[in-house]
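Enquirer: I have a structure here, written as structure tokens, and I will follow up with some questions on it.
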Number of protein chains: 2
Amino acid sequence: MKIQRVDQSTTFKRTVEVGKEKEQKIVESIIKEVRDNGDDALFRYTRELDGAELTQLKVEPTELEEAYQHIEPNVIEAIREAIHRIRDFHQRQVTQSWMTTKADGVMLGQKVTPLDRVGVYVPGGKAAYPSSIMMNIIPAQVAGVGDIAMVSPVQKDGKLPAGVLVTANELGVKEIYKVGGAQAVAALAYGTETIAPVDKITGPGNIYVALAKRAVYGVVDIDMIAGPSDITVLADETAIPSHVAADLLSQAEHDELATAILVTDSEELAEEVSKQVELQLSSLPKEAIARASIEGQGKIYVTKDLEESIDTVNQIAPEHLEIIVQNPMEQLGKIRHAGAIFLGPHTTEPIGDYFAGPNHVLPTEGTARFSSPLSVDDFVKKSSVLSYSKEALLAQADAITTLARLEGLEAHARAVEIRLGDEEND
Amino acid sequence: MKIQRVDQSTTFKRTVEVGKEKEQKIVESIIKEVRDNGDDALFRYTRELDGAELTQLKVEPTELEEAYQHIEPNVIEAIREAIHRIRDFHQRQVTQSWMTTKADGVMLGQKVTPLDRVGVYVPGGKAAYPSSIMMNIIPAQVAGVGDIAMVSPVQKDGKLPAGVLVTANELGVKEIYKVGGAQAVAALAYGTETIAPVDKITGPGNIYVALAKRAVYGVVDIDMIAGPSDITVLADETAIPSHVAADLLSQAEHDELATAILVTDSEELAEEVSKQVELQLSSLPKEAIARASIEGQGKIYVTKDLEESIDTVNQIAPEHLEIIVQNPMEQLGKIRHAGAIFLGPHTTEPIGDYFAGPNHVLPTEGTARFSSPLSVDDFVKKSSVLSYSKEALLAQADAITTLARLEGLEAHARAVEIRLGDEEND
């Protein structure tokens with residue numbers, strides 16, 4: 001891996017994905033087709049793009065039952081345990097409505113209401129990720145969303161992968177549709193004969209899915225549009241090089257465009273990790289992908305001390321941050337930007353991908369400066385609540401009308417004043 | 001006003017603003033110029049577009065002092081009182097970091113961190129709104145944002161409006177820049193010699209500002225892009241027609257494109273309000289604007305009962321909702337979508353625009369289905385925190401590696417397994 005000394009002139013690139021024109025045009029035409037022709041368009045795109053001839057989009061209960069025959073009991077157990085832990089964590093994120101009352105008859109509050117209906121996109125392709133289903137659907141369920149519709153591209157045999165079906169069934173998802181790509185996003189946003197429109201679409205996908213989500217944003221809400229995944233390991237001389245290398249590679253195997261970074265004040269660790277990465281790379285099934293990632297974006301930053309290491313981490317604003325230093329908890333307060341923070345030598349990042357409980361949908365590409373992990377908050381909205389007595393309105397009328405007139409809004413002032421006089425004046 | 005009976009076929013239009021091509025091109029070229037030429041570009045656009053020749057962008061303390069001479073003491077008092085109330089409400093929105101510990105040595109939590117630096121856009125033009133400054137800056141301050149930069153288009157005389165300066169000074173804003181339009185948004189996103197880049201841009205503006213915010217979204221975060229304002233009044237026969245009419249007009253005077261709607265099960269109220277609107281319109285200073293709004297978008301929906309009224313409101317998903325019926329509090333739980341809810345006959349909507357405390361930046365155009373008022377939450381981000389003991393990792397290793405391999409991610413499994421063995425193996 002490339003080793004680089006950090007100094008004041010070191011800059012940290014933040015790539016932000018931008019739409020590609022050719023794909024953009026394709027996505028626009030797909031959305032238009034789905035809006036115009038509904039289910040017919042979905043069947044046609046599924047035939048043309050996924051190579052499957054369907055007569056029905058919705059998954060039948062019998063398909064769910066059949067899927068269980070292809071999944072080992074220990075895998076089902078692991079899925080159930082993961083669901084349990086993820087649900088437990090997200091339940092702690094629930095926010096309550098609140099209301100304050102004052103003696104003068106003013107009541108103010110905030111009402112929390114779940115979204116009515118949400119669509120979750122589950123990618124297909126080489127790796128259909130059951131964890132992605134859990135991470136998107138559990139926060140919506142915990143928030144109290146009434147209707148959840150799941151969409152996923154169908155295989156050539158007309159089926160969804162067994163792992164996807166079993167996971168969805170374990171979660172209690174009632175609506176699963178065999179449709180993917182931009183056409184699935186368009187169907188969720190605008191509705192078709194079979195698929196009722198939703199209020200928000202979440203879940204990862206390829207460039208077509210990302211562009212389609214961006215295109216329908218405003219008609220519906222969307223979650224963040226994630227870029228390639230990244231990890232930064234902040235380590236000192238106490239870290240075990242082979243462990244650090246394994247963690248870097250666990251991110252690198254995701255994607256040629258993934259980023260794995262080590263920040264350390266130990267030159268020795270830097271050298272050792274670099275060697276270990278090379279050593280471990282050669283035995284990985286996904287060596288080609290991981291090697292492209294390490295050679296393309298992988299980097300080891302050597303700093304003069306822990307303080308400079310932390311400053312470097314804050315400039316990177318990583319999606320995943322491991323802290324493998326003495327007393328990691330002491331450094332936690334100094335970390336200003338990170339999607340998820342893994343503390344200490346045993347908290348390897350993959351723990352967070354499937355199992356521990358926190359969400360694995362995290363801000364990428366430096367957006368941890370202003371974005372948060374997917375959470376229950378993403379599936380509720382808030383309404384302000386105000387209630388004034390006549391006495392309260394009387395007491396505050398002068399100030400309110402003064403400010404209204406300062407802004408040149410006479411009708412605002414009159415809406416207050418009309419209430420101050422004789423109530424027979426209508 | 002148009003009166004229409006609601007039935008099952010009634011549909012409720014949701015307009016979503018889309019970018020215009022000509023303006024889009026102008027905005028793109030402005031952003032490029034600011035990125036390439038920094039302050040020079042800002043001075044040039046301010047000369048060309050605002051008609052003011054500046055030598056300095058940042059407002060000096062002497063300018064703030066001078067502004068106080070143009071504002072009456074009772075106005076300053078009203079501003080201070082509004083700030084106090086708005087701050088008090090927003091302080092109740094603060095979320096705490098939390099951490100849970102389990103006996104097996106697993107610690108999980110959520111760390112809340114304020115954004116580092118935020119930019120607030122304050123529109124100029126006919127009505128410079130002090131309330132808009134308060135509503136954007138107070139939640140950022142309560143969240144603990146370190147740096148807040150305010151930008152606002154300068155008047156031809158090279159000054160900002162006195163009301164804007166006094167309000168900003170009362171809030172303790174230290175950085176105020178005389179620059180507006182797409183150029184101000186570009187400066188906040190990318191930085192210039194004078195203006196350091198921010199992490200998030202909030203605040204309303206014209207079409208150029210809105211398109212510029214959309215263009216820089218991803219480089220920085222933005223708040224929602226608001227459409228024209230709207231109000232829905234849900235009333236029964238107990239409502240006083242003149243009051244309802246005054247409330248509808250207070251929204252209509254904002255903008256020709258504003259929407260004012262009455263939903264009622266009382267045909268008599270419908271008729272009376274329609275007459276009152278006409279009566280009150282003729283004496284309004286902004287009669288032309290309000291009339292265009294009422295004639296363009298204004299509507300009275302007559303329903304068969306309260307239940308149908310509430311269902312209609314939920315389909316509209318209004319920005320502002322007044323509930324003027326018997327026992328308004330009893331209906332609150334049935335309202336699923338509204339930005340702000342004003343309960344009872346005395347809670348006229350203008351109370352919420354300036355003074356009561358809740359934010360006036362609210363979801364428009366039916367987006368209350370999935371969006372919330374601007375809040376302290378918009379100025380913090382969260383990080384998940386995980387910490388595992390070796391025992392906890394050992395206990396869960398099987399399930400974690402099973403799930404990793406189900407997803408075909410061998411390096412993930414190995415990052416766990418390398419920690420299970422002899423720690424000397426590096």
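Keep in mind that glycine also has a Cβ here, set from the backbone N, Cα and C atoms.
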Enquirer: Which of these, A:ASP199, A:ASP305, A:ASP311, A:ASP353, does TrEMBL say binds Zn(2+) at the same site as A:GLN251, A:HIS254, A:HIS412?
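Expert: My reading of TrEMBL gives A:ASP353 as the candidate in that site.
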Enquirer: Can you tell which of A:HIS243, A:HIS320, A:HIS337 TrEMBL lists as binding substrate with A:SER229, A:GLN251, A:HIS254, A:ASP353, A:GLU407, A:HIS412?
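Expert: So the substrate site in TrEMBL includes A:SER229, A:GLN251, A:HIS254, A:ASP353, A:GLU407, A:HIS412 plus, from the candidates A:HIS243, A:HIS320, A:HIS337, A:HIS320.
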Enquirer: Measure from the Cβ of A:ASP353 (substrate binding site) and count the other Cβ atoms within 10 Å, all protein chains considered.
Expert: 27
Enquirer: Specify the secondary structure state of A:GLN183 (NAD(+) binding site) as given by DSSP, simplified to three classes.
Expert: helix
Enquirer: What whole-number Å value do you get for the CA-CA distance of A:ASP353 (substrate binding site) and A:GLU319 (active site, proton acceptor)?
Expert: 12
Enquirer: List the other residues in this chain whose Cβ sits within 8 Å of the Cβ centroid of the NAD(+) site residues A:TYR121, A:GLN183, A:ASN206, in sequence order.
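Expert: Leaving out the recorded residues gives A:PRO123, A:VAL151, A:PRO153, A:GLY180, A:GLY181, A:ALA182, A:ALA184, A:VAL185, A:GLY205, A:TYR208, A:VAL209, A:ALA212.
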Enquirer: Determine, using Cα-Cα distances only, which of these recorded positions is closest to A:GLN183 (NAD(+) binding site): A:HIS254, A:GLU319, A:HIS320, A:GLU407, A:HIS412.
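Expert: Checked the recorded positions A:HIS254, A:GLU319, A:HIS320, A:GLU407, A:HIS412; minimum Cα distance to A:GLN183 (NAD(+) binding site) goes to A:HIS254.
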Enquirer: If you count Cβ atoms within 10 Å of each one, which of the binding-site residues A:HIS254, A:HIS412 comes out on top?
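Expert: That would be A:HIS412, with the most Cβ atoms nearby.
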Enquirer: Looking only at A:GLN183, A:ASN206, A:GLN251, which of these binding-site residues has the biggest number of Cβ atoms within 10 Å around its Cβ?
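Expert: The largest 10 Å Cβ neighbour count belongs to A:GLN251.
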Enquirer: Looking at the recorded positions A:GLN183, A:SER229, A:GLU319, A:HIS320, A:ASP353, A:GLU407, which ones have a CB within reach of chain B, meaning under 8 Å Cβ to CB?
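Expert: It is A:ASP353, A:GLU407, listed by sequence.
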